Structures are given as structure tokens and as C-alpha cells.
Amino acid sequence: MHKEAELLEKPNCDSEESFKDSQTPDTNMTERFDCHYCKESLFGKKYILREDSPYCVKCYENLYSNTCEECKKPIGADCKDLSYKDRHWHETCFHCFQCKNSLVDKPFAAKEEHLLCTDCYSNEYSSKCNECKKTIMPGTRKMEYKGNSWHETCFICYRCQQPIGTKSFIPKDNQNFCVPCYEKQFAMQCVQCKKAITTGGVTYREQPWHKECFVCTGCKKQLSGQRFTSRDEFAYCLSCFCNLYAKKCAGCTNPISGLGGTKYISFEERQWHNDCFNCKKCSLSLVGRGFLTERDDILCPECGKDI
């Protein structure tokens, strides 16, 4: 946002200088009263004092007058000199670069060495409101989002028409919504907590859940991103499911999950992991082989021949 510059107005002469009209001096008529530079007599002429030395108007203007930025002519001793950042103008030349209206005693802005009134600067360089299409004037508060700008009073919720200000909002279909209105109109509700899901939801059995609400029925750990299974429509992590429902291996007594293609052996209501289905005596794997049983033990034919 461009800050308006201050206009400095100052006379062409320093404080020590004075613009005088010489009269017959009080000194003796034989004493010279000449221009300090060209040495011409100043009797009966206007002159200017600078550092206690008199100058005729012509010499003073040639030596000390500033040049006008607009017309490039000297700013004479009898003219008002308007100055801004070491640049000078006649009072009549100090105007807006575009509309040419006078900038004397008015706020203005500078752009690429040119001076502009606030209206021209705003029309040329200020942002346009995405809602009302009018200029956002310098010094007024504006809201910006993805390259677009709004007046603060124009940046409103599409549903409730209230200013959003610095509050959170959600864009949808080129419209902006405050969070409560978006949740009421668009957001799905979590099956577990019944609150709106704005980000990070998951779907299970075609129903929406917050990630933090989709947890194991047993241990309550979040299941999002984890392997899980279900029983009677309740979701379980693999550990809880195995501890609660999986059969136990007759060999190692650990659960046989049966998930993910795990192979196991079943015989007379007993189950074994493939790696646990071994002869009790020699530990030979009995997977795909004949075997004998002795009480709760299983034996290979060689170890069982003496039974």
C-alpha cells in the first residue's frame, strides 16, 4: 500500500535572504552599492540579500534558483517554490501527471518519478474488489486470497452474508463460506460423534467417520491406516481380534488369525500353525505327511511305530 507523501512548501530564498527594493541609502552618495556578482549598481533596483551580500534579481536567479521539474524553467525569486524529495516545481506546475489537477495542499502519491493525485493512483494501481469490482483505496483494509482482493465489508460468507474478516473459512465452487455455514450445508456427519467432518474423514461400510473416531472396538486405538478386521459389524485391530476370537494353536498356544492368507492345520477340533505342526519327539514337520496321535501329541510314523 502506498503511503501518501508529504508536500514541503518553502520559499525560494533562505532565511538569511530578503527581497528588497533599494532606495536612496543612508550612506554617503559616494559609497558604492553594487551587486555582489556582476558589480552593477543596485541604486533604484530590486535586490536580494544572501548571507549579507546583495544580488540583483537576474544574478540571484542565475546562481541560486531551482529548475522546475515540469517546465524546466528557473523558479524565480518572486515565485513560490514547491519541493518534494529534492525536486522543485512552480506552484502552477505542481499537478497530477494524469488528470493535471493541482496537487497544492492535497495528498498525492509518487510512481516511477511521476506525481499522481490519490484518485488517479487508485484507479491505475490499486486492487479492485473481487465482489463489487470497485477500487480498494489506499489506506483501507483489504482481504486477499489466491490472488484476489476484497474490501473487508465485501468479503462475506455466501450463505449467511456476514463478514468473514480474519476468521477461518472454506472455499467451494468459487464461493467462500464461514466454517459453521459450510458444515451445515455441505459437510458429512461422523457416524460415531454425529459432528461434521471437514477434513481427514474415513469411510467404513459406506459410512463416514472422523479418523479419530474410527477406533478398535477392543483397545480403542485408531484404525485409520492400519490393518483391521470386523466381527458382527464391529471393527477390531488384528491383535484384539486374535485375542478375542481366533483359535489357539495346539502347539504354541498363540492365536491363529487366519488373516492375510495365513496357513494352518486343523484336525479333530484342534488347529496348528503350519510351522507348529511337527512331530512331538523328533520335531519333523508333518505338513503333507501321515502322522499318528498319542493323547494330545502328534507323531511321525517312525516315532509312533512303538505305540
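Using the three backbone atoms N, Cα and C, a Cβ is placed for every residue, glycine included.
The feature region 'Disordered' is assigned by TrEMBL to 1-26.
Annotation source TrEMBL lists compositional bias 'Basic and acidic residues' at 1-20.
The domain 'LIM zinc-binding' annotation in TrEMBL covers 66-126 (among others).
Within the domain 'LIM zinc-binding' (127-188), the DSSP-based counts of helix, strand and coil residues read 7 helix, 22 strand, 33 coil. The annotation domain 'LIM zinc-binding' is assigned in TrEMBL to 127-188 (among others).
Per DSSP, the domain 'LIM zinc-binding' (247-307) is made up of 3 helix, 21 strand, 37 coil. Annotation source TrEMBL lists domain 'LIM zinc-binding' at 247-307 (among others).
Sorting the domain 'LIM zinc-binding' (66-126) by DSSP state (H, G, I as helix; E, B as strand; all else coil) yields 11 helix, 20 strand, 30 coil.
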